[in-house]
């Protein structure tokens, strides 16, 4: 039997060495101490902020303070960084425009897209390492300012080689933006974490929708250069507001900066109008942060390898579906696609076709399928868990891909593609929830960064399947995507750790979830009050 005190404000000084039970009078709250029976290894009940050993961890403070005004502000600011989807969406708009204006051959147009993914792939691990070594806020600020600078500079590119280099540098910066999820997750209480991370993913979808609408207005009048400049607006807003962002208290504790961590927690408590836990903040300093070897310790080796494949499959299938959608819509159905590819081959590679109003409308509708994906994932992720949510998303995508083998009409084709994209984007979002939760603070940013890098490998490879292999066999192409997602569903089920209902681990030197199991180790004869 272990006794806990409920969270409350106390005027006790840190030097008060009086032992025994202390009661705190709070209006409307029962303050008598209650015995609570815990089984061996059972998690500490969340209604109790911290045990009465006069110490607490960041996890205790975050749970006690709860979700409030601070997290709402953080959601908006983090979402602005996540709206960099505009920099990705612009690729589908910029490519045909430069193809016509600069008379670029098809391979040079394709290279404009590839160079962004190469930049993202090469930098994701680096940004993760910077965020673990020097702080989440530091890594995020540098990556966003980098992306903003080169994004605006792209609008002044005089020739093709310049814009190729500049867009590659933009991709290098975008590789660090997922670290906004790391910073965001570390300030969220357990019950709100999955829902909130999924909801900032909405900013990605909003960014893509805003980019299409911006292109409709800007492209006919001001041209692509102004579109590139104006697309940096969300990042410009973030750059102005990022000075409000605090450093992660979890990172400060791990780097030994107790006073800064405590000041951050007190600031959050003040903004939320909630009391701080009693006692002193526990420091679990760890110098060797952001080390690749920590991703391959016995506790995390299989998790890392399986997550890399899951992230690879997510991006491989997601971007593959985006490319296939255009081909399938233009052909009408799977059965007509082969004959259409022969007609396209006969055309000159320099044939110029500007985007029409109908093209922009199609782009908008396909983008809107992201929102149902968020809603479905939001509904099931806390019901069935993270692993099963990812597995279900992959299975539904795989099933829809197999149904495309049938020569269905345009309406049924649209429904199948819509469902497939909704679920694969939902699976991607579930991976963004699971990954920061499963890794400890010391390697959380690096773990997310390496997974993001593997996703870019999938995005780089998928055009060779969705476009090159498609010319040989549409059925083989669909089989590759379906098979890949079936394997990813199995990988999701085999993940060793389910993070639903668990706290975030602080140090990589402890067993997973140790912080969430009762405080301290006591001999059988001891009791803690």
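The count begins at 1 with the first shown residue.
Keep in mind that glycine also has a Cβ here, set from the backbone N, Cα and C atoms.
These numbers come from a predicted model, not from an experiment.
What TrEMBL says about this one:
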- 73-500: domain 'Major facilitator superfamily (MFS) profile' (DOMAIN)
- 1-21: region 'Disordered' (REGION)
- 506-529: region 'Disordered' (REGION)
- 74-95: transmembrane segment (TRANSMEM)
- 107-130: transmembrane segment (TRANSMEM)
- 142-163: transmembrane segment (TRANSMEM)
- 197-218: transmembrane segment (TRANSMEM)
- 224-245: transmembrane segment (TRANSMEM)
- 299-319: transmembrane segment (TRANSMEM)
- 389-406: transmembrane segment (TRANSMEM)
- 412-434: transmembrane segment (TRANSMEM)
- 446-466: transmembrane segment (TRANSMEM)
- 478-497: transmembrane segment (TRANSMEM)
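Taken together, the residues in the domain 'Major facilitator superfamily (MFS) profile' (73-500) have a mean pLDDT of 81 on the 0 to 100 scale. Using the rule of three or more Cβ pairs under 8 Å, pairs at least 6 apart in sequence, the transmembrane segment (224-245) is in contact with the transmembrane segment (197-218). Between the transmembrane segment (389-406) and the stretches 74-95, 142-163, 299-319, 446-466, the greatest number of Cβ pairs separated by less than 8 Å involves 299-319. Taking pairs at least six residues apart, the transmembrane segment (197-218) and the transmembrane segment (412-434) share three or more Cβ pairs below 8 Å and count as touching. Same-chain residues lying 6 or more positions outside the transmembrane segment (142-163) and placing a CB less than 8 Å from one of its CB atoms are 81, 84, 87, 98, 102, 104, 108, 112, 123, 127, 130, 169-170, 172-177, 179, 225-229, 231-232, 235-236, 238-239, 242.
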